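Asks: Supplied in structure tokens, the structure appears directly below.
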Amino acid sequence: MTPDVTTQGAREDQMAGGKGFGLRFQQLFARYKILALLLAVAAIWVFFSVLTHGAFVTPRNVSNLLRQMSITGMLACGMVFVIIAGEIDLSVGSLLGLLGGVAAILDVNRHWPIGVTVPVVLALGVLVGMFNGWWSTYRRVPSFIVGLGGMLAFRGVLLGITGGSTIAPVSDSFVFIGQGYLPRIAGDVLAFALFVLLALLTVRQRANRRRYQLSVVPLWQDVVKIVGAGAILLAFVLMLDSYGGIPVPVLLLLALLGIFTWIATQTVFGRRIYAVGSNLEATRLSGVNTNRVKLAIFALMGLMCAVAGMVNTARLAAGSPSAGTMGELDAIAACFIGGTSMRGGSGTVYGALIGALVMASLDNGMSMLDVDAYWQMIVKGGILVLAVWIDVVSGSNRR
């Protein structure tokens with residue numbers, strides 16, 4: 001063998017080894033994506049804590065951060081289903097503002113009781129969501145265009161019904177939705193219940209995998225997961241209790257996390273959402289009414305806009321004509337950062353909420369440092385592109 005051939009072979013082996021290492025690293029990242037996201041959140045918190053001399057991690061700021069993050073998280077709960085199904089909705093920010101404005105008008109101008117206002121706004125959100133879905137599924141208008149039109153139209157309606165002015169002040173009972181706190185003893189009981197629920201679900205998952213003769217992770221890994229989650233949960237509850245308790249919006253978000261995760265993992269409808277996003281034609285040929293599935297997804301998205309809109313109005317104690325501006329981009333970015341595939345068919349609700357926490361942490365930290373607004377937008381835009389690039393790279397490796 002000549003020296004040239006030997007050198008070429010060594011170079012090829014080196015390149016193959018480099019590609020193999022890169023592939024293994026990307027596969028490892030894909031497998032432990034949620035852990036990587038949690039580490040990223042921890043790094044962001046440490047970074048801003050150092051720069052703000054500890055002010056970022058004070059109980060008051062953490063409570064406010066989680067309250068702000070809840071609104072994006074509520075939108076992300078619905079948006080993750082939309083993206084998994086292979087669609088997109090750009091109207092959610094404007095729809096949030098519109099429904100929040102309607103709630104403020106009913107509460108302030110019409111003096112409707114909260115027991116009537118809330119169901120009416122929720123029903124209106126479902127109807128508007130179904131309207132968007134009808135155009136996309138039955139009229140074959142691309143969801144991107146439907147959402148773009150809704151973003152403009154809903155904002156215009158909001159400006160029209162409010163006259164371009166703030167509607168305030170909303171009633172104390174309504175304000176509680178966005179500014180209230182759970183009593184401390186109730187928060188402690190809730191944290192303990194969540195810890196027990198996590199342990200029971202882990203045990204059940206291990207039992208089911210054994211029953212179907214599937215691989216089961218070592219027991220110590222599940223124990224570490226449960227203990228780690230319990231420690232994080234305890235730390236957050238104690239921190240929030242030292243300020244005022246668990247904010248009501250955070251409690252609502254936790255409830256939505258449980259409901260949407262259950263829908264995604266334990267129901268036929270949830271499996272159909274993933275099937276529609278993975279292969280629409282095959283799902284249709286298998287007998288699934290894909291149009292009805294997508295219509296229901298957009299209805300859920302409208303419902304989440306209603307919930308988020310009312311919480312936002314309650315948090316501000318007013319209905320603002322600018323409410324929800326850029327909210328759609330924060331929700332979409334949260335989903336992509338949390339691992340939802342832009343190609344559809346893959347994603348988790350809890351991943352999207354961790355993505356929402358990343359976005360809220362960046363917003364909060366940069367605001368505390370008085371970073372110019374244009375730099376904040378540049379950073380968030382760069383992170384969104386990076387998240388989609390990671391999805392593209394991991395997707396090409398899977399193929």
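Placed from the backbone N, Cα and C atoms, the Cβ positions cover glycine too.
Feature list, courtesy of TrEMBL:
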type	residues	note
TRANSMEM	34-56	transmembrane segment
TRANSMEM	68-85	transmembrane segment
TRANSMEM	90-106	transmembrane segment
TRANSMEM	112-131	transmembrane segment
TRANSMEM	143-161	transmembrane segment
TRANSMEM	181-203	transmembrane segment
TRANSMEM	223-240	transmembrane segment
TRANSMEM	246-264	transmembrane segment
TRANSMEM	293-311	transmembrane segment
TRANSMEM	373-393	transmembrane segment
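Set these features in their place in the structure for me.
Replies: Panel annotation: around the transmembrane segment (34-56), residues 337-339, 348, 350-351, 354-355, 357-358, 361-362, 364-365, 368-369 of the same chain, lying at least six beyond its termini, place a Cβ under 8 Å from a Cβ of the stretch.
Beyond its flanks by at least six residues, the transmembrane segment (68-85) meets 92-93, 96, 143, 247, 249-250, 252-253, 256-257, 260, 264, 273-274, 276-277, 293-294, 297-298, 300-305, 307-308, 311-312, 315, 327-328, 330-332, 334-336, 338, 340-342, 344-349, 351-353, 355-357, 359-361, 363-364 of its own chain at Cβ-Cβ distances under 8 Å.
Same-chain neighbours of the transmembrane segment (90-106): 71, 75, 78-79, 112, 116-118, 120-121, 124-125, 128-129, 132, 144, 146-155, 157-158, 161-162, 167-168, 170, 174, 301-302, 304-306, 308-310, 312-313, 318-331, counting only residues six or more beyond its ends whose CB sits under 8 Å from a CB of the stretch.
Note on the transmembrane segment (181-203): residues 222, 225-226, 229-230, 233-234, 237, 240-241, 244-248, 251, 254 of its chain, located 6 or more positions outside it, place their CB under 8 angstroms from a CB of the stretch.
Sequence-distant contacts of the transmembrane segment (223-240) (same chain, at least 6 residues past either end, Cβ-Cβ under 8 Å): 59, 62-63, 66, 187-188, 191, 194-195, 198-199, 202, 246-247, 250.
Away from its own ends, the transmembrane segment (246-264) comes close to residues 63, 66-67, 69-71, 73-74, 77, 80-81, 176-182, 187, 190, 194, 237, 240, 270, 273-274, 304, 307, 311, 315, 348-350, 353 of its chain (Cβ-Cβ under 8 Å, at least six residues beyond either end).
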Asks: May I ask for the residues of the chain that lie six or more residues beyond the transmembrane segment (293-311) and have a Cβ under 8 Å from a Cβ within it?
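Replies: Sequence-distant neighbours of the transmembrane segment (293-311): 70-71, 74-75, 77-79, 81-82, 85, 87, 89, 92, 95-103, 118, 121-122, 124-130, 132-134, 136-138, 174, 177-178, 249, 252, 256, 269, 272-273, 276, 323-324, 327.
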